[in-house]
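Down below is the structure, laid out as structure tokens.
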Amino acid sequence: MTAAHDRSENQPGRPGGETTAPYGSAPRRRRVRTRHLLELKQRGEAWPMLTSYDMYTARIFDEAGIPVLLVGDSAANNVYGYDTTVPVTVEELIPLVRAVTRGARSALVVADLPFGSYEASPEQALATAVRFMKEGGAHAVKLEGGRPFARHVEALVNAGIPVMGHIGFTPQSEHTLGGYRVQGRGEQAEELAADARALQDAGAFAVVLEMVSSDSAKRVTAELTIPTVGIGAGPECDAQVLVWTDMAGMNTGRTARFVKRYADLGGTLARAAQEFADEVRGGAFPAPEHSFE
């Protein structure tokens, strides 16, 4: 069967016809569709994906030309302060999805199905996914797991809901996997490939490969006709995703080996807050130009 693809007009060039522009200056662009991502794979063009949990980052990333935004269950750590992704709920994620869809004018917004909201049955998965689509305005959903969840993916796709798969290291199952361990090595390579094929056959439009050996990721990417999205899976995947707080340096603690920091936003905010505090205490703010007669 084929993935659930949208039926908008063909767009040339980058997905949705978007262009990179400074924040606040980008023209309105057409919505990125799942088939645009497939076209990029067919042309051999890599594409980026970032997480987003609010309207401001969604708008900034959208205008920077990021074609896919993931409202991940990583909000558990990065918004709500939980130690793992396990505690976050559907009720906590839906408002974040709603905010991101308001901020993103052209990016495809994917909502994570959190732990406990889909595993029991395809019917449970469908009910949860429908909530994210109707209440959150998501354009697609993501769920973790391989062959045991192919039926869940098929049920969603048959209902018209695009699905992104997620295999390799799956954070919701970290206790079963024995902690954060690289997947797809040795005998696991065939298991990983079988999971990827099952998700594709069920209709997934893409599959995330997390903390997977580069060789296994290269093999899976070559075997699949749908895009692979790597996070700690080497350079051969069709796309790459990072958690935005890691990418931008908001997380000042230790990060995973696969993370590259492109900014020191945490330090910038800390310095701005300190300067504000110093000016308030010293009487420099508010100045006359910040006051009314």
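Yeah, the Cβs are placed from backbone N, Cα and C, and that goes for glycine too.
For reference, Swiss-Prot has these:
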REGION    1-29  region 'Disordered'
BINDING   Asp73, Asp112, Glu144  Mg(2+) binding site
BINDING   Asp73, Ser74, Asp112, Lys142  3-methyl-2-oxobutanoate binding site
ACT_SITE  Glu210  active site, proton acceptor
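Swiss-Prot feature annotations superimposed on the structure.
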| residue | record | DSSP class |
| --- | --- | --- |
| Asp73 | Mg(2+) binding site | coil |
| Asp112 | Mg(2+) binding site | strand |
| Lys142 | 3-methyl-2-oxobutanoate binding site | strand |
| Glu210 | active site, proton acceptor | strand |
Inter-residue C-alpha distance, Ser74 (3-methyl-2-oxobutanoate binding site) and Asp112 (Mg(2+) binding site) (nearest angstrom): 9
8 Å Cβ shell about Asp73, Asp112, Glu144 centroid, Mg(2+) site members excluded: Gly72, Ser74, Thr85, Leu113, Pro114, Phe115, Lys142, Leu143, His166, Pro171, Gln172
For Glu210 (active site, proton acceptor), the number of other Cβ atoms found within 10 Å of its own Cβ: 23
Binding-site residues compared (Asp73, Asp112, Glu144) - the one with the fewest other Cβ atoms within 10 Å: Glu144
Listed binding-site residues (Ser74, Lys142), ranked by Cβ neighbours within 10 Å, top entry: Lys142
Candidates Asp73, Asp112, Lys142, namely the binding-site residues, that fall within 10 Å of Glu210 (active site, proton acceptor) by Cα distance: none
Distance, Lys142 (3-methyl-2-oxobutanoate binding site) to Asp112 (Mg(2+) binding site) (CA atoms, angstrom): 5
